[in-house]
Amino acid sequence: MKKKMIPILFVFIFVIVNLYCLGRVLTDRSLLRFLSKVSSIDYYYSLLFIGLMFVGTGLVCFLKRPDSIVIRSFFYLMYTSGFAIALSNASGLDVLPGKEIEVITASLAPYFLIRFFEFFPSSSKPLFFQYIRRVTLLLAAIINIVFFCTYPYHLSRSPELLQFIRIALIANVCISLIACICLTYLHLKMNSSKVKNQLYILIASLVLSFLPVLFLSLIPAILHLANIPFFFSLLSIILFPATLAYLLTMQEIIDIKMSMRPLLFEILALLLSLVSVNVLFFLFYPLTPELFYRLNGFMLVILAIYHLIQKIVEPLVKREWTSKEHDIQREKKIILQQILNGQHLASCGRLIVNLIHQTVDINGACLIWKKNQAPKIIYQTGIFADGRLADACMQHLNHKKNEHRSEALNCHIFPLDNEQGNKGWIIIGQKINETHLDRNERLLLEKIQSDAAELLTSTETLSGLGRELRETQNRSLSQEQFNHALLIDREEEKRKLSIYLHDEVLQNVILMANKVEALHDEQIIGDKAYLEMKEIFMNGIYDIREMSRELHPFMVEDLGLEQSLQALKRKLQNNYNVVIQTAYDLSLKVISKKLAIQVYRMIKELLYNAIKHSSSPFVSVSLKSLDHSLIINVKDKGKGFKIPASLSNLTEENHLGLITVQKRVDQLGGRFDITSEEGKGTSITITLPLERSDELEYQRTAGR
Amino acid sequence: MSINVLLVDDHVLMLMGLKELLEKEADLHVVATLSDPSALEETIGRRNPDVIVLDVRMKTKNGIELAKIVRQEFPDLKIVILSGYNYDEYIDAARQAGTDAYVTKEKSNTELITAIRQVCQGRRIFPYQHREQAGEALTAKEREILRQIAADKTNAEISEELSISKRTVEYHIASIMRKLDADSRVGAVVNGIKKGLLNV
């Protein structure tokens with residue numbers, strides 16, 4: 001509510017200020033004469049109309065979606081520019097708040113323009129844009145400070161100062177426009193064709209809206225050239241809010257079209273009723289302008305009051321509705337919760353007792369069920385409701401075995417038995433008319449008794465099963481987490497080991513090799529012994545290095561994914577009879593090092609897998625990015641294999657590598673698709689989401 | 001005139017060994033050794049060396065990234081990358097980072113010293129790569145290995161058959177591929193057939 005109040009207040013101020021200015025102009029003869037000398041009163045009206053249209057467009061959009069940040073920026077943009085436009089004439093005539101408000105709004109409009117474009121086609125933006133936003137805000141502040149600081153000395157009315165302010169304002173507009181065009185260009189390069197299309201429309205509208213004003217009147221005016229009247233060039237500005245509103249509807253941030261339709265019908269209905277009332281009324285009365293205005297004014301006021309009352313009453317009615325709905329929802333939630341907690345037994349018992357009540361007219365019934373051999377009252381009605389009688393019955397029954405009628409307690413007892421023996425009882429009080437149970441009734445009750453036993457037993461088993469299922473689910477979940485932790489741990493271990501091998505063992509071996517070389521240089525070791533030792537050292541260094549590389553792909557961290565894949569390709573082509581084709585196309589997307597390592601490992605695993613199992617001479621790898629995901633495809637034209645129904649069955653066929661990859665993909669929240677046909681080859685596609693952090697990283701690089 | 005050298009390697013023993021080695025040369029003077037690269041720029045500013053020798057992989061920093069930074073701030077300084085990796089990708093990356101030389105650690109010590117001297121004369125020294133060797137004749141050993149590859153043998157099998165280490169096999173294959181201007185074993189065999197090195 002509060003959120004909506006502020007813009008409405010703003011619009012209210014807009015209306016009041018403009019009405020005041022208009023009033024001043026209309027009442028003051030000298031002003032009117034001056035105005036007609038410079039332009040005309042119609043021109044003033046048209047400017048007011050343009051401003052009102054701006055502000056109105058903004059307000060309508062805002063009221064539809066007060067939470068959308070785009071729309072909010074849109075509203076402020078529309079409001080400031082609309083206000084500035086509407087007051088431009090009043091400020092020219094020196095009507096009091098005209099110039100002041102015009103300076104404030106016109107100086108702030110570029111800032112809001114940039115704010116709007118920060119979010120408009122999409123919320124990603126380069127860093128420079130934020131700087132420009134600050135610059136425009138700073139310029140606006142400077143303009144305002146200069147204007148209002150000189151205000152008390154009446155300097156603000158001097159033509160030199162006004163000229164300066166005008167230039168500053170235009171500079172501000174130009175800066176923001178250029179920034180917006182740059183951003184639009186960036187978006188054009190990256191976004192889908194749908195957004196592109198919208199952006200083209202937007203660019204066209206921007207150019208058409210602002211260029212005529214800039215080139216036909218403002219710049220010539222500064223340079224003291226002959227200029228086309230402001231009036232004509234200004235008309236084009238309406239294009240801008242119209243286009244923006246169109247874009248906002250097309251992008252489905254808000255849908256003006258949908259909301260306009262009922263409004264249109266309402267207005268039509270209003271006009272129709274006004275016309276018909278007028279026609280009817282003037283059939284009987286003479287048509288005079290005064291009477292006409294009075295009648296229609298009266299009608300409009302009545303309609304307005306009607307609408308107002310409706311608006312007030314509507315929320316009250318709605319609240320009642322919602323509170324009832326709320327109750328139902330709460331009840332539903334309780335029942336659902338009961339079911340989840342395994343309390344089917346209670347609801348089942350209630351149903352059975354209700355059934356008994358419907359079958360026989362009795363003064364009370366009670367259902368007792370043994371849970372873990374301890375009898376417990378599940379549901380009770382009538383004479384059993386206070387619980388004492390039921391307790392007494394329970395005591396009695398625990399000692400004496402099954403009887404159909406307990407004389408002492410004056411009630412009927414129906415034991416509930418199943419394979420495991422007695423499980424409980426149904427106790428039924430006296431019939432309300434004090435007669436005995438007749439044969440038919442007894443038969444019916446016995447039927448209920450056997451059904452109830454069955455039903456309650458199965459309910460109990462069911463709830464037991466549910467509990468077990470939940471437990472198993474929990475166990476499997478923790479198992480999953482454990483697996484995950486193990487996998488991470490294993491990778492960390494490998495990394496540590498790899499670092500140790502490379503940084504400690506390898507360096508020491510190299511040091512030793514160098515020492516041996518130094519000794520050889522000093523003729524302490526003979527040539528033959530040196531060459532032999534050198535060969536051993538070289539092999540050792542090679543082995544350690546390969547092992548270190550095998551354990552952790554450091555090259556990915558050092559040189560990046562593309563280079564590492566190139567190295568992997570070279571190594572595989574060097575060591576196996578295979579040709580690998582790589583296609584690497586991530587354009588501007590930057591992948592975090594963590595993800596890059598994972599991706600590298602998966603591709604490596606899949607490549608080795610393809611070489612080992614498919615015996616295909618040709619394997620292709622492709623890596624590309626699409627919107628917010630990374631798509632990896634590894635394809636061979638080899639043997640192929642039959643894919644088991646569940647991927648986890650792959651273990652049986654020694655495809656452990658594939659499972660590891662699949663698990664990894666799962667953890668990264670991606671998708672693993674495999675298609676294979678015997679004799680035709682295998683294709684594996686992995687789709688990974690690019691994390692938020694990646695996005696941020698990307699934005700940072702774009703801003704550089 | 002002696003050449004002032006700054007050594008950067010986070011492996012202290014290695015650092016000591018290198019220092020000892022370089023100090024033996026009359027024209028080389030080690031002005032400082034750094035095992036923690038975070039103070040690198042400051043040390044360069046203070047000691048003003050002619051050449052720095054950088055390890056390509058340190059625990060906290062990436063040598064190539066570090067070289068880029070140093071290159072920007074001290075454009076006249078000569079940078080020698082000392083690396084445990086003999087991969088083309090690393091060499092390319094070092095070249096692109098604007099370093100002056102790339103020396104692998106297990107190469108003889110004299111190579112590093114020569115590299116330092118030559119770099120000071122304004123030369124850039126990188127291990128030979130592909131293109132330069134294409135078209136050269138294969139050695140007898142290489143021809144033998146090419147035959148084995150054509151017979152669809154794995155590296156392990158070749159190494160066993162010719163009783164040479166796997167490293168040597170791999171080295172020979174890389175050399176064969178360079179000389180036959182191929183980028184895979186398959187391509188090498190195809191080009192070998194074209195050149196009549198293999199009987200089909």
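Each residue's number is its place along the chain shown, starting with 1.
Note: Cβ is positioned from N, Cα and C throughout, glycine not excepted.
Summarising the annotation, TrEMBL assigns domain 'Histidine kinase' to A:598-692. Mapped onto DSSP classes, the domain 'Histidine kinase' (A:598-692) shows 37 helix, 33 strand, 25 coil.
The transmembrane segment feature in TrEMBL is assigned to A:43-62 (among others).
As annotated by TrEMBL, transmembrane segment applies to A:74-91 (among others).
Sequence-distant neighbours of the transmembrane segment (A:103-120) (same chain, 6+ residues past either end, Cβ-Cβ under 8 Å): 69-70, 73-74, 76-77, 79-81, 83-84, 87, 129-130, 132-133, 136-137, 139-140, 143-144, 147, 165, 168-169, 172-173, 175-177, 179-180, 183-184. Annotation comment: TrEMBL describes A:103-120 (among others) as transmembrane segment.
The feature transmembrane segment is assigned by TrEMBL to A:132-153 (among others).
Residues or ranges marked as transmembrane segment by TrEMBL: A:165-188 (among others).
Positions annotated as transmembrane segment by TrEMBL: A:200-222 (among others).
For A:228-250 (among others), the entry in TrEMBL reads transmembrane segment.
Per TrEMBL, the feature transmembrane segment maps to A:262-285 (among others). Sequence-distant contacts of the transmembrane segment (A:262-285) (same chain, at least 6 residues past either end, Cβ-Cβ under 8 Å): 291-292, 295-296, 299-300, 303.
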Would you kindly list the residues that approach the transmembrane segment (A:74-91) from elsewhere in its chain, counting only those six or more residues past its ends and only Cβ-Cβ distances under 8 Å?
7, 10-11, 14, 17-18, 21-22, 24-25, 35, 39, 43-44, 47-48, 50-55, 57-59, 61-62, 98-99, 101-102, 105-106, 108-109, 112-113, 115-116, 230, 234, 237, 241, 244, 248
In the predicted model, what is the mean pLDDT computed over the domain 'Histidine kinase' (A:598-692)?
83
